[in-house]
Amino acid sequence: MLGQRCIRLNTRSVVYLIMSLILTHIRITQTSVNSNNPEVIPTKLEKTSTDNDRNALTINNSGNKILSDTSHCPNETLCSDLPNSCLNCQYNPQCIYGAEINVTCSPKPTVSCVPADGSGGTEVKRKTLCRYCYQTERWEQACEQKGGCNSIDSQFKTNCTVNGEILCMGHRTFMKKVPCNWTQGYRWSTTLILSITLGGFGVDRFFLGHWQEGIGKLFSFGGLGVWTLIDVLLISLHYLGPADGSLYI
């Protein structure tokens, strides 16, 4: 018809367009890699019991949060044998950070124990490090995992609680940035096998939820094989993941 133009595409043009799309996807994916140093947001010591975790925690006289559940604590045992999670301890906030200190502890109100020396005193001495709870190591904490966190941000804010056996100053529950390890059940090995065997039909892209790229890959026969090979490489390097932002298992 008059007024219309026909655009002819040769093999070189098709490969160029496919490579441009793939390189653009790689640049977008690379921007998702953030610093691995998690940011800790300490909770202020003057914060009251209106915290989100007030149902699981209580405040002792020194202002420190303590776990209220003492069902695991043994009764009528030596006070010196009680686990740390069954004790309330007093700390000196003027101590030198990182130094080993001795703290005076006593059983929680619902815990009964037998004094070791028969004097009737229930106080015990424990050794710990001078540090606030938010300064503890990651393996010493239990953090809430939030479903739906976006791996594009790589980290998300959540509540973390120090393990009961760890002695530390300040609130035992605090806000912290932790790596997003949310997953929806996509296996990396399954995805890689699909990409190697059926990647030319876009099955790997469909499986991961990238529908638009999957359709383009299907009708271009895997970008004449070039797109297929590049997707195998991207999946093997974990650059190409699920469309919902979750991580492989």
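Just so it is clear, glycine is given a Cβ too, placed from its N, Cα and C backbone atoms.
In TrEMBL, annotation is done automatically, which means it is predicted and not curated.
Mean pLDDT across the domain 'TM2' (185-232) comes to 89 in this model. The annotation domain 'TM2' is assigned in TrEMBL to 185-232.
Sequence annotations record features per position, and here TrEMBL assigns signal peptide to 1-31.
Taken from TrEMBL, the feature transmembrane segment applies to 186-207 (among others).
Among the features that TrEMBL reports, transmembrane segment is placed at 219-240 (among others).
Counting residues of the domain 'TM2' (185-232) by DSSP class, helix then strand then coil, yields 40 helix, 0 strand, 8 coil.
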